[in-house]
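Accompanying notes for the structure given below.
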């Protein structure tokens, strides 16, 4: 029987079957490194102060891991590969290569964040531009999360079988293409489709980004640098709100072709939101595939070349180009799955091979998903699913509830200033000023002119209009109820049939009605919408910094559990929020605390699962997260203006439950990636 590991043994010392560095070339490497140098010149600078040399620290860590292996009864092949890979990454160091990849993957994560914000920021303008009903607005707000839910599941699974880099390039391309077409889509149906397509694409970025980056990090750097990577999600929110603030109110930043094609400033904003994805797409072209993924898929030579590139790039940037990459062979498994795909796709036509490979790939992905609920991973998957769900349910639910409550308070304040006119009689008067927040009951308007004005939140009830003339009227939330209208002309107005409820018409003429919908700039572009989004994103900065600095010091479990419990405590203070300023303040506090829990959850998700299942597990859990976001935002929004007790209690119970369960998870900060 053939050796399943192809006899690619990675040697490091006597009797160590998984060993590290090839014996051949090691003496040559040492002579090259020391040529022209005396031993005294090579003395470590910190030796005088008793500071151990970095190489000594590495050796000590390896010795500790070796001792742990000897104590264990048996070491699995997976653990052997994980140990040797960790040794290689330690010798490659952490430097220029990781920081370059950090920026590229950060931009991809930033694109995911922008996608979560873009619809909420353009919706006030888009609903007028495309004549959206309340149901259509609700669907547009949820469709992105629905797409991201499917995208996380699909692309997470594919990333473990096709490759992290390849899948990430595809999802970023999908996001860029969808953003372009959705910005030009004039109809609701097309706009909805392209936002769904965009969500399916960019939804896969989060599982891939964290899996991809973690496989270039050594154990003692992993928690901190994955947490720093989370800051790009914050930057995406800041970027989206800041650009929306700067672009959408600029009404001249657009063009039109008659009345059928309108390209307003909010569409420019949709295009600009694609810039992080475009930049990440370009940068990713120059990045290599994850060597850990290649090793899992029996591609030894490709993995070796990439690891050598990482090693040489880092040490050259540190001013030590003489360091030689001494690895010769790495133990790699060749799975039956790979052989199966190769056999099945070796014959037949190109289309038949494509069909067979697609079906086989689908089966392998589903098999990988089901393996997450196997005996070894069942408990961890169940706990992580509950923690992801409870955190997302509370976070996204309150993220919708906060701005909706602010709008509700604004609406209450606006209604308190309502002016009511009862039985007024106006004859031969020229209305050349706007009417706003008014109710006119049982009025009589005889031979009056309403020309070049706006009507905002105006209601005419049981009123009489005789010989009146309406021209160039723009209206918002304006209705005529149970009115009698005689010998009146409506010319170039947007007063459509649905705005006249139970009205009687006698000799009434409608000429050149405005077509389509129009933007009510003053209402839709209230800067408070952008300010709330901006402050909510900026508020997570302290939590990001604290979690990054302490992730490897106090551990993932304490970060997650503590942050979720503190966030639960913050929700109770919402009972004391009776003003817009108070709600904004508590929103900032909640976001600032909860982000630490998010960082810990994402780090531990990467570390709990082996490389062959890492992106799949992250994708499944992230899909559960998006499902919770859909449920949370829908449920919490339904209670706005009714009661705040239920949303607060729901979020409190969810956060406490998730925080307590998080304490049951195993700590992973001192474990190599399997």
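A Cβ is built for glycine as well, from the same backbone N, Cα and C atoms used for every other residue.
Any TrEMBL annotation is an automated prediction that lacks curation.
According to TrEMBL:
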{"type": "REGION", "residues": "1-52", "note": "region 'Disordered'"}
{"type": "TRANSMEM", "residues": "99-126", "note": "transmembrane segment"}
{"type": "DOMAIN", "residues": "101-669", "note": "domain 'Major facilitator superfamily (MFS) profile'"}
{"type": "TRANSMEM", "residues": "138-155", "note": "transmembrane segment"}
{"type": "TRANSMEM", "residues": "167-185", "note": "transmembrane segment"}
{"type": "TRANSMEM", "residues": "191-213", "note": "transmembrane segment"}
{"type": "TRANSMEM", "residues": "225-248", "note": "transmembrane segment"}
{"type": "TRANSMEM", "residues": "268-287", "note": "transmembrane segment"}
{"type": "TRANSMEM", "residues": "379-402", "note": "transmembrane segment"}
{"type": "TRANSMEM", "residues": "528-550", "note": "transmembrane segment"}
{"type": "TRANSMEM", "residues": "557-578", "note": "transmembrane segment"}
{"type": "TRANSMEM", "residues": "584-606", "note": "transmembrane segment"}
{"type": "TRANSMEM", "residues": "618-639", "note": "transmembrane segment"}
{"type": "TRANSMEM", "residues": "645-663", "note": "transmembrane segment"}
* For the transmembrane segment (138-155) and the transmembrane segment (528-550), check the count of CB pairs under 8 Å (sequence separation 6 or more) and say whether it reaches 3 or more. => no
* Are there 3 or more C-beta pairs under 8 Å linking the transmembrane segment (99-126) with the transmembrane segment (557-578), counting only pairs at least 6 apart in sequence? -> no
* Asked: Are the transmembrane segment (191-213) and the transmembrane segment (618-639) near each other by the rule of at least 3 C-beta pairs under 8 angstroms (pairs 6 or more apart)?
  -> yes
* Answer with yes or no whether the transmembrane segment (268-287) touches the transmembrane segment (167-185) by the criterion of at least three Cβ pairs under 8 A, sequence separation 6 or more. => yes
* Average pLDDT across the domain 'Major facilitator superfamily (MFS) profile' (101-669)? -> 85
* For the transmembrane segment (645-663) against the transmembrane segment (268-287), do we get 3 or more Cβ-Cβ pairs below 8 Å once near-sequence pairs (under 6 apart) are dropped? -> no
* To do: Residue list, the transmembrane segment (268-287) vs rest of chain: Cβ under 8 Å, 6 or more residues beyond ends.
  => 100-101, 103-105, 107-108, 110-111, 114-115, 118, 121-122, 165, 168-169, 172-173, 175-176, 179-180, 182-183, 202, 236, 239-240, 243-244, 247-248, 253-254
